[in-house]
Structures are given as structure tokens and as C-alpha cells.
Amino acid sequence: MRSALSNRTPRRFRSRDWFDNPDHIDMTALYLERFMNYGITPEELRSGKPIIGIAQTGSDISPCNRIHLDLVQRVRDGIRDAGGIPMEFPVHPIFENCRRPTAALDRNLSYLGLVETLHGYPIDAVVLTTGCDKTTPAGIMAATTVNIPAIVLSGGPMLDGWHENELVGSGTVIWRSRRKLAAGEITEEEFIDRAASSAPSAGHCNTMGTASTMNAVAEALGLSLTGCAAIPAPYRERGQMAYKTGQRIVDLAYDDVKPLDILTKQAFENAIALVAAAGGSTNAQPHIVAMARHAGVEITADDWRAAYDIPLIVNMQPAGKYLGERFHRAGGAPAVLWELLQQGRLHGDVLTVTGKTMSENLQGRETSDREVIFPYHEPLAEKAGFLVLKGNLFDFAIMKSSVIGEEFRKRYLSQPGQEGVFEARAIVFDGSDDYHKRINDPALEIDERCILVIRGAGPIGWPGSAEVVNMQPPDHLLKKGIMSLPTLGDGRQSGTADSPSILNASPESAIGGGLSWLRTGDTIRIDLNTGRCDALVDEATIAARKQDGIPAVPATMTPWQEIYRAHASQLDTGGVLEFAVKYQDLAAKLPRHNH
């Protein structure tokens, strides 16, 4: 990674059109004038040095990313020392745990705001600060649309959580404790105590939830410095990584290496392979598709199918045992990518922000901790990729095979002669309010041969698509020790959940997808061997039910929700704003003057 300031090829950066434009000296004066009120000099802005934006996602309302309020000074130091001029600006907040009705609304909203900032202001390159789930794809989508040099800096996971000498992972402990509470095994106070124990420091989720998955994806795509994703937020290496990232973005600005130079089809295939091997979040599916679409790359169901046979080699909750600190010490994402490279499951010749190929970045990155990162041919589990399903209820859905536990496998997938095939009676809920109201209703007669179905949870129905598919069984089953039932829905589930749900079903119920005509009591047949999921309902009955119309969804509550509902795609195509994907390489043309 280059650090010397000499040997750089001089460039006229786009910011010069604002700050040093001899054809419009009056406009130059206007643009310069107000920046001086906080002490920056006109000589700095007219020096020809690149203006490096720092897209600040940290705030008090975004606690997973709040570490960036401290890290930003090290980013600034790196930029200054490498010969750039830093300019920090705020990004629309995204916080999965707290945002109602769902933070899925915020990914595209953050994307829109960031596109306007990067395109309309004198920014030559950008450091994308990331952490919580959707901050990573939102930033990458925007930087790709504008297509200025960009680099991703994760804030890193929290330290490992401990409760009574037991590792407790953020998010995952919520779903597991919720079941224990319903079964009468713990009190409400113990529930809160376990949850608090899982969050001992600054940082994002310390499990292999969506946050850790997407920051590892940024590395697999080649958009982060090697080893960036997994460094825990409080570690000294995190500040050092922030400094190095600040340095490197200046080199990228001079070299004019842009996202579209890096984000090839092969780069996205690398990301998909990484998600499988790490037991990553199912939310990676719409996010990877969305990033790819904004890069002009098509990712289809076949790309996910191609990675299905990749084994689970990362022993990290929710699919495994350990948490973020141990994963970092075991080598993090580079060690996982190294394993994939050795087996020919990674494109090693792709370009990355280091200026080197992926193969060059991974030299010497083999793990020394085989309790955390298993050998490829001695994995934690076989076939850990997302299982893609289709049938008369939807054209596309996925199932996270890496979290299929022994209890679930024995009960549903081990019938002699019918391994991997099961039938279940559908219990249909219209949204999570309906689920919470009726799940313990004795009239439903829910037993272990039922499948819980939730609809109205997709991009249009919710709106935004909600993490509600990982429904737990009714209390009477939990008290019998039955901790999970098959679940299905047109929404999503938390990446920290350990439920082998069928989710992201597209098209969703709210636009007439097959779940809209499903009824409680119908039999659903699921064949994991062929990737089929069908309701055993005859065509005449289906046609008659369709005449009843689509189940009602909640009213739109905000202007943005109205815009979102009018333009968002389905989860199989990334949940993007369909009108936005046609806008690419915006920085190739400067915006017109404002006066």
C-alpha cells in the first residue's frame, strides 16, 4: 500500500471546479467564502489536493455506529498525512433494533441522501463509515451510483458478551431468551440481564448477524482494507485501521480507482461464497443483489444456488459457538477467504482497494485457530449456502441451511425414504400484531406438525420488509421442549436469529403473491432436495380464493413510506428503488452551478 506523497501523477480533481475555476472566479469566491468560517484557508482548498468526504453514520441514535464519532479523528489524520483534505458530513441514521416500523426503509433513504451529497458537493473521494446492517449496502450503493473513489471502514463489533460464564451473543440471546421466558425457564429480570450482558462495549453485533456479515462482504468485494471487518470496536487496531483507511483513500483518489472498477460479477460471486462459508445473514441476499444492480451487475437465483454446496467453516453464533473477538483473533474474513481461495471457490484475480488482487491480499492469512475457522474439507456443517426455493406460493425464497439444528432435522427432515421432505399444516398470520395476538389461541390447535406463516411483511406490505419471520412456537410447545417450528414468510428475519425459516418470499402477499390466497389449515409440502415449496391446493380453489382479493395491509404513515411503496422492488431483486438503478457513473458529469 503506497504511502509516499511523491511519485503521484498529478490530477485535476472535480473539486477544483468549485474552488479553483478561472472561468468562474465569482462562483469560486462564493464556494470558498463560507468554508473559511471554521478556519480552513482558501490556500488549502485551492491547493489541488483531493477533498475527501467522510460519510459519518455515527450518532447517539445509531449506537452500533457511534464509535465512528471517535474513530473519525484517526481517519482525518490519515487523510491529512497522505495529502488530502478531510470533510466530514452526516448520513441519515440507520439502527435496526429501534427504528419503527423497520430500518429496511432507511437503506434506500440513506442511499438517496448520500447520492445527492457525493454528486452535488465538491467531494473527490469518500470514506464510507459502516457498522449496523444496512449502513454498509447503503453506502456502497451510493458511492457506486456516483462512482467516485470509495473505501469502506467498519466500526467493528462489540466485545464478546458473557453471562454466568456463558458466551451470549447480541441479538441471538434475545431470540433464545424469548423462548426460555415463554417456557417459564427464566424471569423477565433475567431476560433483561442476559440481553444487557450481550452488549458490553461500543460496536455493532458481536455475532455473525447482518452487521458482521455485511462488513465481511465489503472485504470480500474488495472495498475494505484487508482485515478491516472483524476488528472489535474498542481494540487499538480499530483506530490504526481508521488511520490506514484515511491514508489509502487519498491514494485511490490520485489513482482514480472507483467502485465500478472493483465491483465486477466475480467480486459479487466472492461475496456470496463468503456469506455461505461464514454462516452469514439471509439479509445479505437482498443487500448483495441491490449493490450489484446499482453496479450494473445481475445476480440471480442461480448465483445463490451455485454457492449452496459451500460448507460452513466459521464457528460463530448463531450457527456456531463463538463471537467476534475470537473470530478476529482467528483471522477474520481474510482467513475465511483464504480457505475459499485454496479450494478454487474464490476469484483471486479481482482488483481491491489495496491496489493489489484478492490473492495478493490473502497471502499468509491462513487461520491458526481451527476451533473457530474449520478446514474446508472438515467443516462445521456441509452445504451452508442459502437454499433457494420456489413453488406455487412464490417464485423465490431462501432458507439458511447452516442453522438447521439436530432437533429440527430429526423432526422434519429425517423420514425414512423421504429425507429432506416434509408436509405441515399452515397457520397463517397477517402481520406480527396478528401473530402475537393469536399464537397461543387454543382454537388454532398448533402442534409440531404445523408451519407458521406470516404475510404482509414484505417491502410493500409492511412497508420496508420486516424481520418477523422467525416466529417462535406457542407457549405450550415451548414448555414441552419444542423450541422451533417451520416458519415461512414474505418478510425477513434478523441475521442473529437461529431459525431455519423460509423467508424473503417473492412476490409478496401485498402485491398478489401466492401467500395472499393461502389459508390456515392448508397443507404445505416442502422438498429441500428439489427446492420446491407448494401448498397442496387445487387450481380451482386457488382461482376462487384470488377473487377474494389481497389481504389488507397497514396504512401509509409518512411521505417517505408512500414514495417507498410506489417504487420499491421485491426482495428477490434487492428491494431497490426501481427508478434509481438506471442512474450510474454520475460523477462523469458535473452538476451545474447554483447561482
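Every residue gets a Cβ built from N, Cα and C, even glycine.
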> If Swiss-Prot says Cys132, Cys205 bind [2Fe-2S] cluster, which of Cys64, Cys98, Cys450 does it name for the same site?
Replying inline: Cys64
>> Quick check: of Glu96, Glu164, Glu166, Glu508, which does Swiss-Prot put in the same Mg(2+) site as Asp133, Glu467?
In response: Glu96
>> Validating a neighbour-count step here. Other CB atoms within 10 A of the CB of Cys205 ([2Fe-2S] cluster binding site): how many?
In response: 31
>> Restricting to the binding-site residues Glu96, Asp133, Glu467, which ones have a CA within 10 Å of the CA of Cys205 ([2Fe-2S] cluster binding site)?
In response: Asp133
> Excluding Glu96, Asp133, Glu467, which residues of the same chain place their Cβ within 8 Å of the centroid of the Cβ atoms of the recorded Mg(2+) site?
Replying inline: Asn97, Thr102, Ala103, Ala104, Cys132, Lys134, Gly209, Thr210, Asn283, Arg492, Ser494, Gly495
>> Suppose the [2Fe-2S] cluster site is Cys64, Cys132, Cys205. Which further residues of the same chain have a Cβ inside 8 angstroms of that site's Cβ centroid?
In response: Pro63, Asn65, Phe95, Glu96, Asn97, Gly131, Asp133, Ser170, Gly203, His204, Gly209, Ala211
>> What does the structure give for the C-alpha distance between Cys64 ([2Fe-2S] cluster binding site) and Glu96 (Mg(2+) binding site)? Integer Å is fine.
In response: 9
>> Through the lens of DSSP with three states only, how would you label Cys64 ([2Fe-2S] cluster binding site)?
In response: helix
> What number of additional C-beta atoms lies within 10 angstroms of the C-beta atom of Cys132 ([2Fe-2S] cluster binding site)?
Replying inline: 28
